[in-house]
4 protein chains.
Amino acid sequence: MAGSDYGTIFKITTWGESHGKGLGVVADGCPAGIPLDESMIQEYLDRRKPGQSKYTTPRKESDQVEILSGVFEGKTTGTPISMMVRNENQKSKDYSEIASYYRPGHADFTFDAKYGFRDYRGGGRSSGRETIGRVAGGAIASLFLKQLGIHITAYTKSIGPIHCNMADFNAREILNNRVCMPDAQAAKRAADYLDQCMAEKNSCGGIIECVITGVPAGIGDPVFEKLDANLAKAIFSIGAVKGFEIGDGFLAADATGLTNNDAFCTDDQGNISKKTNHAGGILGGISDGSPIIFRAAIKPTPSIGAPQQTVRTDGTPITVEIKGRHDPIIVPRAVVVVETMTALTLADMILKNMSADNRKILDFYQK
Amino acid sequence: MAGSDYGTIFKITTWGESHGKGLGVVADGCPAGIPLDESMIQEYLDRRKPGQSKYTTPRKESDQVEILSGVFEGKTTGTPISMMVRNENQKSKDYSEIASYYRPGHADFTFDAKYGFRDYRGGGRSSGRETIGRVAGGAIASLFLKQLGIHITAYTKSIGPIHCNMADFNAREILNNRVCMPDAQAAKRAADYLDQCMAEKNSCGGIIECVITGVPAGIGDPVFEKLDANLAKAIFSIGAVKGFEIGDGFLAADATGLTNNDAFCTDDQGNISKKTNHAGGILGGISDGSPIIFRAAIKPTPSIGAPQQTVRTDGTPITVEIKGRHDPIIVPRAVVVVETMTALTLADMILKNMSADNRKILDFYQK
Amino acid sequence: MAGSDYGTIFKITTWGESHGKGLGVVADGCPAGIPLDESMIQEYLDRRKPGQSKYTTPRKESDQVEILSGVFEGKTTGTPISMMVRNENQKSKDYSEIASYYRPGHADFTFDAKYGFRDYRGGGRSSGRETIGRVAGGAIASLFLKQLGIHITAYTKSIGPIHCNMADFNAREILNNRVCMPDAQAAKRAADYLDQCMAEKNSCGGIIECVITGVPAGIGDPVFEKLDANLAKAIFSIGAVKGFEIGDGFLAADATGLTNNDAFCTDDQGNISKKTNHAGGILGGISDGSPIIFRAAIKPTPSIGAPQQTVRTDGTPITVEIKGRHDPIIVPRAVVVVETMTALTLADMILKNMSADNRKILDFYQK
Amino acid sequence: MAGSDYGTIFKITTWGESHGKGLGVVADGCPAGIPLDESMIQEYLDRRKPGQSKYTTPRKESDQVEILSGVFEGKTTGTPISMMVRNENQKSKDYSEIASYYRPGHADFTFDAKYGFRDYRGGGRSSGRETIGRVAGGAIASLFLKQLGIHITAYTKSIGPIHCNMADFNAREILNNRVCMPDAQAAKRAADYLDQCMAEKNSCGGIIECVITGVPAGIGDPVFEKLDANLAKAIFSIGAVKGFEIGDGFLAADATGLTNNDAFCTDDQGNISKKTNHAGGILGGISDGSPIIFRAAIKPTPSIGAPQQTVRTDGTPITVEIKGRHDPIIVPRAVVVVETMTALTLADMILKNMSADNRKILDFYQK
């Protein structure tokens, strides 16, 4: 089954393996006339690039993107935008041993079960490098949304037991520290915790939070294509995500109707809004005009240097210590992936929903 | 945008409003030759029917399903199966006042924002009755999966602060008590808690857990069509769901690689399996042969009798007390909805994945 | 595989068999606020109803449509519109013999090959009655297009050897004679030819032509989703269609560039148009503002009373004379099916294409 | 709207413009384990390469394909196969004048109408070079089908008034003469006719016929996803196609039931087959086990050197003589495009239909 494309109207198709010739994406359905060049994509890719700090794999990859089609005279043409990043540092030899056994927490075993064999070099298509295509394609969606006044900001909410203090939220900090936390003090404590994990050849997980502002009320569909349902799928399609919640999320299960309902009110400009935002900006699957807020739980990096029990592909037991240096945490590099998957979901939903109100279509054709 | 269909190969399309003539579903893509009659569907619908206990709305609806097509001589024919439930008890008059204001926690405001107007009778398409079509269609998916040896069991894990003790898990209890808990003692405490909520004209939320057994390793796709991503969307498409997690879920964010990785081992029959199941049965988006386990957080029923602040559709403030009797909790009736949405997702994924292994196709055509 | 739905944004799902309880359609994605009642749908259904002339089966069916959802206070709500027609005259007994052999020209054999068994009563899902759902759903698309100033007119171009003289084209004649020809003289000759076919227990084929006016230039997509490619699929999905051509069609294969190219010119209002229309209103898969013109070839009704050779389901030879009275020609009743499938295709394409021009989206969100 | 992908389970996404950096395709959903290397794709691409005879544009392009992903150790891995052909000979200067006016018979005007502007270099996405991605992706589908014993052969049936004599059909001739005709004598006469067209700075059209053998009975779906409906869309999505017919096609409109119905019979091996094949191998949208036969009408190349009237983009009239040398006929190079689009359609349909018969699924899971 084809499963490498995402979206209906604004759609991406990604391709590439960790240790193949390269990775890329075809972004189709982007409206014509949007200014676009490689530097605008590169800015997003650089946020997920390896080798940026001691907490990311030192694999040297410049991850330079090349736009191959769909842009003419500096603007999108409305036709598919193909982008590619060549792999530069694929040392297949390093992975020869890994072919013989199943790494715990990885997809080695399930790939073999599904396909009968696998590209054992670096996880193939289940590698974190697969997200290069998502980020490049999602960057275009983000740029499109910015033109509509919609902004998406994701950040690290927690790393292991270290949680940001949201009273100290500072958006500028997110791109300023190595762990993408909006709270400089928490970022320092998180760094200490990560040092400890690395010393123990261990790894840890964390939580990413994402806030979307500028979405008008009325985006989303009421039944299966709820905006939150689509965001849930988008975020859960990112490897290592184990949980997703919107607004108060799991806390809502413990709440009562009186504490969880958001009262409607009228603001100074006469617009209807909500006094609180327990719902996280979506009611009945449709945006309500408040900021949309969700969180994703990310599991610890499965590749760790400490000894682990597992089996060879023939079923015999083996104790392994995974070599090479791996990120002790996935979270900071996943922040931009969450942001761009969110952008793809929202851009597609807005374009799909253009027709929701017949009056708008009639305006369209009758002027 | 059309958003009332779910699935690719095994697909359902639902229709109907709370206070229209009826509700229904067209289930298309079900394999031919599966025994099916109305009683087999009715069994699932009866689990979500209103009026079964004092914790569900006393609205009298027999919710009798009629199969209109796609079954011949007691078996599915491979063509679309249309099913309908007529509404019997639609008192539109009761809802006339509701048309004038926006109920907190409901989709009234977002429907107006999206469509320009709404069917204000009982929430129209955002009513819980919308799930009738899902349950009827999902019942067929469940029956198909049972033929493959796959069984899905959902139950109430918690109601407000009352959590089941999983050491006391008893599957027979689920259909035996009014709150669908597998722990009879917790069910009693939950009943007391619900009585208190009702006395206060308040409502509460809870958590549903779902376990799937019998899924062979290898189901799911590695990138956007991960099995867990599709389950996340399926469950989040159910109204009132605010969180979804698989395996250890949000706890994985606090874990380390050493504690979160599941060691592979070989069982007595020589099959490769896992010693633990922190992953919840899915690795890299593909089933690993272990039971699949996930949880959904359900918010409190938004319709409560206690006074709440909101605005009229023209923006003027108003304090409302929502009349009529409403379920103080959504969770017990949502259990079968979770089960059937899970069945739909899994049946579709299995059928989509039939082609994953070329050897199987060649077998097919060459024998 | 599910194959009973058509469209992406404006989508229909049809269900029902010739001799089941009924047939119907769920139309999803229709914009909100369009005036709709059952009489507006019935007008289209009456054009395909049996028993209207001696050239159509005398099976008595009133084919009364019931709207079950999606309409509130006389207008579409934007949610799925479910419609049903109950079968009234299903005499299953008549078809008992047919179960034992494969009718030439019918889908009996291929259904058995595909599904392993079939609903042998009247062709089940391959019956012409299957088009009831298409016509009901397409009627809504037609009404939507009329609001945009787009009109679709289909008619019988030829019946067997009898061709309309297009110099005598009279649109009012189409609904005025029993064969839906826009040329009254040709209609009389066609009637004579049909009388002769019936006397010989034989049947005949014909050609339907369809003209669409009011489509602005710019509708369609350049590669796989060409407007003509989608029309081709839509029309070829109607049973008995064996050919489809647009503009000059097969004659273009004999033409030269000089005779086939349409010269662009500027009309009195300063609009760019074409001097001729060999292209049939579509260039590069995108509408050019000229009328869109296409034709469909319809095969003779396969059910004939004259003796035919075939085999029983066990492979033994048999000579059959198909009993009962059948339409000696499919064409006149298929005219409205062509019209409504065209409407569905165009409505969906227009809604999908709303986003083609970024400027329009920005207008949308910024006003 | 995204419109650059084709297929559901076996899916391709194409990208690239005539004068951009290159063109390519991502083929997703190909089963794992099929032997594949670049030479196997190149064989198909070479059949549509320019510069092969005096009847094709002398533009020098080696059109060498590079496989970028999805193949490991000589076999497909089941993950997306990305392929690219770099453009070598893009002289954008040649096209500067063309930007100022609308070429008759081309998509210049409709692209401007749709997108607001266009990549005027060589037609951009509406160029014949767009088919490179289709052919590369379809080559994989063809290789997959060969493993199932399914073979597709397309050829030129006619060029302008020169028709092949099918009594002289010789499959080896197809790849042997410059016009891809299976009749050597007709090929010579066609060459003379083309010489004459070129001398007159004119062009001509023709007909391609395609025969598919080895398809078992039972492939296709009965309603909207008929096999012939999908073939119609596939073939009509190829630029310059103006007509499509299957079996007797438009001739069926003139036939009677007695002459058009194919009698079923039982062959020596006891298999049920048909005595004739007026239907072209498909009944009720489902393959009947006979060879599938269809034809496509191709219009004359719109780019001709003879003077033509048209308008500038501002609407002022102009007479143009299109410079450069262009193929006087599209047909021979389109033959492999028809073949590969057919392969894509059939491969996808077979994979989608794997689940049609429940018994097969149960076999699958129970062995």
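Cβ atoms are placed via backbone N, Cα and C, with glycine included.
Features as listed in TrEMBL:
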{"type": "BINDING", "residues": "D:R48, D:K54", "note": "NADP(+) binding site"}
{"type": "BINDING", "residues": "D:R125, D:S126, D:S127, D:G284, D:K299, D:P300, D:T301, D:P302, D:S303, D:R325", "note": "FMN binding site"}
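Features as recorded by TrEMBL, highlighted on the structure.
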{"residue": "D:R48", "record": "NADP(+) binding site", "Cβ neighbours (10 Å)": "23"}
{"residue": "D:K54", "record": "NADP(+) binding site", "Cβ neighbours (10 Å)": "14"}
{"residue": "D:R125", "record": "FMN binding site", "Cβ neighbours (10 Å)": "29"}
{"residue": "D:S127", "record": "FMN binding site", "Cβ neighbours (10 Å)": "21"}
{"residue": "D:K299", "record": "FMN binding site", "Cβ neighbours (10 Å)": "30"}
{"residue": "D:T301", "record": "FMN binding site", "Cβ neighbours (10 Å)": "25"}
{"residue": "D:S303", "record": "FMN binding site", "Cβ neighbours (10 Å)": "23"}
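Applying an under-8 Å Cβ distance to chain C, the binding-site residues D:R48, D:K54, D:R125, D:S127, D:K299, D:T301 reduce to D:R125, D:K299, D:T301.
Per the record's binding annotation for FMN, residues D:R125, D:S126, D:S127, D:G284, D:K299, D:P300, D:T301, D:P302, D:S303, D:R325 show a top Cα-Cα distance of 45 Å.
Contact with chain A, taken as any Cβ pair under 8 Å, is found for the binding-site residues D:R125 out of D:R125, D:T301, D:S303.
DSSP assigns D:T301 (FMN binding site) to coil in the three-state reduction, outside any helix or strand. Using CA atoms as reference points, the binding-site residues D:R125, D:S127, D:K299, D:T301, D:S303 were checked against D:R48 (NADP(+) binding site), and the closest is D:S127. The separation of D:K54 (NADP(+) binding site) from D:S127 (FMN binding site), Cα to Cα, is 20 Å. A separation of roughly 25 Å, to the nearest angstrom, links the Cα atoms of D:R125 (FMN binding site) and D:K54 (NADP(+) binding site). Here D:K54 (NADP(+) binding site) is positioned 16 angstrom away from D:S303 (FMN binding site), judged by their C-alpha atoms. Taken residue by residue with DSSP, D:R125 (FMN binding site) is part of a helix.
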